[in-house]
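Heads up: the structure comes next, in structure tokens.
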Amino acid sequence: MSGPNKSYDPVQVTPLNAESVEAMVAAALQAFAAATSVAELKQARAAHAADRSPIALANREIGALPPQARKDAGARIGQARGRINAALKEREAEVSADELSRMLVAERVDVTLPVELTPVGAVHPITALMDQMCDVFVAMGWEVAEGPELEAEWLNFDALNFIPDHPARTMQDTLFADPADGGIVLRTHTSPVQARTLLDRDLPVYVVCPGRVYRADEFDATHLPVFHQIEGLCVDKGITMGHLRGTLDAFARAMFGDVRTRMRPNFFPFTEPSAEVDLECYVCHGSSVGDPANPCRTCNSEGWIEWGGCGIVNPRVLQACGVDTDIYSGFAFGMGVDRTLMFRNNTADLRDTVEGDIRFSRSLAGTAR
Amino acid sequence: MRAPLSWLRDYAALPEGLTGHDLGQALIRAGLEVETVESAGSDVTGPLVVGRVVQFDAEPQKNGKTIRWCRVDVGPEHNDESGARGIVCGADNFAVNDLVVVALPGAVLPGNFAIAARRTYGHVSDGMICSAKELGLGDDQGGILVLTDDDLAPGMSAYEVLHLRDDVLDIAVTPDRGYCWSLRGLAREAAQALDVAFGDPVELPVPAQSAAGYPVRLESAACPLFVAVTVTGVDSTRPSPRWMQRRIQLAGMRPISLTVDITNYVMLETGQPIHAYDADRLNGAIVVRQARLGEKIVTLDDVIRDLDSEDLLITDDSGPIGLAGVMGGASTELSGNTSTVVIEAAHFDALTIARTSRRHKLSSEASKRFERGVDAAATYAAAHRVARLLEQLAGGTVDEAESVVGAVPEVPAQRIDAALPSRILGLEVPTDKVVELLEAVGVQLSRDGERLLLVPPTWRPDLRDPYDYVEEVGRLIGLENIPPVVPNAPAGRGLAKSQRLRRAVNHAVAAAGFVEVLSFPFVARGDLDQLQIPADDERAQLVRLANPLSETSPYLRTTLLPGLLAAVTRNTSRSNDDLALFEAGLVFLENKEKRAAPRPSVAQRPTDEELAAINTALPRQPRHLATVLTGNWLPARAFAPAEPATWGHAVVFVEAAARAVGLSVVRRAGQHAPWHPGRCAEILIAGTQTVIGYAGELHPSVCKASGVPARTCAAEIDLDALIGAAPDGGDVADLSTFPVAKEDVALIVDDVVPAEDVRRSLVAGAGPLLESVRLFDVYVGEQIGIGKKSLAFALRFRASDRTLTDAEAAAARDAAVAAAAEATGAVQRTE
């Protein structure tokens, strides 16, 4: 560094003249423009804007000037440094944006590659459907009741007004635990849970009973000896067939959208009056009836789908469970879950529901090819 | 019950033009289950006429057959210029001048068999002479159909002559509506459904007792009424008229012989089963009584049957001659020579007949009806209907002396509140309307203020309880007219904890990659042997079924594994090789002491003791959760090799289930069939000594015996026990925002020391500042010596109220290491 001039007889300090400063600025700007990466720009910055750069060194020479000249040179250098720094900042933004763009291109992956961390698991369609059915009733304030599958004959039959000679109680229809006179059967319906509910809970009772049931039936595409039911039981003051209709309609709407149910009189030991409940076809709404050009496979072009049985709980059942039939009445209904799956999800062969093939279990779990 | 529409029209004034389908819909609305409506004879179309055989030449053929080249007069409209048509016929059961049925070219017979003029056996056969079978009218009786009526002329349409076309309704009769097992009952329903007149074919009431006819004695309460009518001079060789045969056939029975056909026809008509005896083969009085020990009977189906003392018999001096209400005996069977017929129309107790039918595995048209209830008041009319038909069709004479023994049993009356139907149906039915509806179905009513006294008709044994009448009113008024109302259930509590957690477990393990399957719970002893389950194991206490679906699997499962292993086999046989299956379901553990479940009276609630006795008799049925894994957990995919399913995945399954209920589990080495003794984790609920199950790799011999791939892995836990231990609430974490202090330690222990023991001792020694501990490396190598392993743990310490100093963290770490050293002999690795 040059020593200070005391008198106004300026010693010419070359780096501080306008020409030199302008050259430094030009060199810096050119170097910044030439840099195409953050690394290159860092080098250019070191060369033209950092502490050891010509402009920084020139700045130090200002002190050597006489006071008057010092002011001029200071202004000149300050302005120059401002231009250099602004250019650097601008270029930095450009270069890092360019670099990011390049990186984003370079880092592209094939997002269609498989990325499974776990295999495709699934809840069985029957389980899922049964849960969904229960949820409809839970939302209405009902509760879910359950019971054993190996059940007392008294609860499966006697309490439900099946006379001892009822044909359903024979070995042809019912699976008995050994010995056959031991009073224990594999439950043939979930109705014993209804009896248990009446025996165990305080009135009023609003419950659904889902579960597995057993019959000595064929095992073929449309029959299962082991299948699933959901039954409902409501016992309260002033319960009528109208309440049964209303409940079945609400259930049908929740499961299938804007559909109705209808009842056809029938006979069951545990209900009186008894009826079959049909579901209005939720696919064709009856439009396929008598229209061979537009058949409906869901309802076989009948407009209605047989769904289950229902009725007013036979007072004999309530009496066997200790309910005062002068005060209380009730209704009950029951549907096959497997059967519902069959018409709801087009199950062609019921055997698939119990043979354990993972393709069946996964079929509603999003496994399209 | 199959009901031809034309037959129903005999008793119900059904509107002209009403089809079987129309009637079916009306009956469905009335609560009958109409299964099908069949258009019988609709598969025959085109020209089908009566023809007269003018002449024929028998022409032997090279193939050994003899055909007849016939000239058949088929009426002026259809004859050719020669006044007949040439037709080749293979049958020989007709003569010149016989009337036959001719299908002319253009006709189509059942099986889509189109008739055309065609060259055969050297002639042009210009039509076909038909047999009964070819027309869909039942069996051939030795060739073509020969018509014997004298009022027929060639060229008449054969459709009407043969009663070919009819709509037939097939109705599934529910057990409470026995009266619908007859044309009479169905016609009554049809007339009611369409509001038209009904003419009852049962007109004659049962008269007072009379013993003038064939002697009859009743010795059992199960037979309250027996009518016997005798018809003499019967010509048993005459054929049944075609209309009768056709109706019997359309109703689903087979025409047999005139007398038998008449009894069947009247049974179909009235619902009253009839039996006809050859009087010459009866010995002495007919006695109805219970069977005696050791007695036997040969029934009409030629089966010798050992009788039970509860069986009701028809007997004569020779012994049993009929199984009452079920089937007649061979010894008094009608034959072509029978000339005197004794007609039996009796009433039998429904339950007695049902039991006998079941006991002998013998269901007949008669037993089907008696079991479901027959109108006792129809006996006499039915017997006389048979007698009249025998007179008209078989040339018989009805003997005026008849026997009527016993009487129509009284039907129980009932009193109901007139408002009961409205109250239960949820629809206002005025008392007048209730009365009108019930009277229309034959109920006799008298009013006593707001009470109704009801006497049901004799054909309605199902009308017994007050609610039976409610059902009848509802059925008649139409259930569709009841306004639907959603009942107001009280505020519910949602799913029970166990139900909620079971769902959570299901979804957790499914989300973890396991696939739920459902399997039948039936097993064989061999299934347990394959799993090497010892005889003293709880799982060897099997519940046996008295009547299993298959004798090869007569027991109920005590473990879910056999069903899952079978599912593995089924999947691998279908080339689904990578499997992580799971099932949740009940297992059945036989009580040590088997007890019978009592069946208390249903007249009132059983006592608490009776209910307890019922429940303790039931085998324990805990719900289990199990998985079986084989093949690859994940197959090879881009940038990643295949990951085989291992014991670890079986453990992951259990841990996922436990976490879903808010529990953590710990493991220790276990020895439990069917697992590999060195790869079996016994699983306990953390902080307890409760073992909930096992997870690991299956024993190699088990894989082999079960036919599943080697290295198949499995886990099974008691899901009820897991859920039972699930916390109800629990505190959420109190979060410290002070910095964490991390300390890693490597501990050398003997190879046999379980890592879990080391981990647990570190936790115990580290004190309350320890936030977490994680095993991040296991090293085995010469550097640390043979038989040793180095376990590297990452410890994290954090205080709730301050930043820990280095010294505090180091002290806690040292305390943890010291505890591990004391508990497991661990030495801290220093290099």
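Just so it is clear, glycine is given a Cβ too, placed from its N, Cα and C backbone atoms.
Remember, TrEMBL labels are computer predictions, not curated facts.
These features come from TrEMBL:
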DOMAIN    B:42-159  domain 'TRNA-binding'
DOMAIN    B:409-484  domain 'B5'
BINDING   B:Asp462, B:Asp468, B:Glu471, B:Glu472  Mg(2+) binding site
DOMAIN    B:736-829  domain 'FDX-ACB'
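Of all the binding-site residues listed here (B:Asp462, B:Glu471), it is B:Asp462 whose C-beta has the fewest other C-beta atoms within 10 angstroms.
Burial estimate for the binding-site residues (B:Asp468, B:Glu472): highest at B:Glu472, by number of other CB atoms within 10 Å.
Using DSSP to sort the residues of the domain 'B5' (B:409-484) gives these counts of helix, strand and coil: 31 helix, 14 strand, 31 coil.
Note on the domain 'B5' (B:409-484): mean pLDDT across this stretch is 93.
Under DSSP, the residues of the domain 'FDX-ACB' (B:736-829) split into helix, strand and coil as follows: 34 helix, 32 strand, 28 coil.
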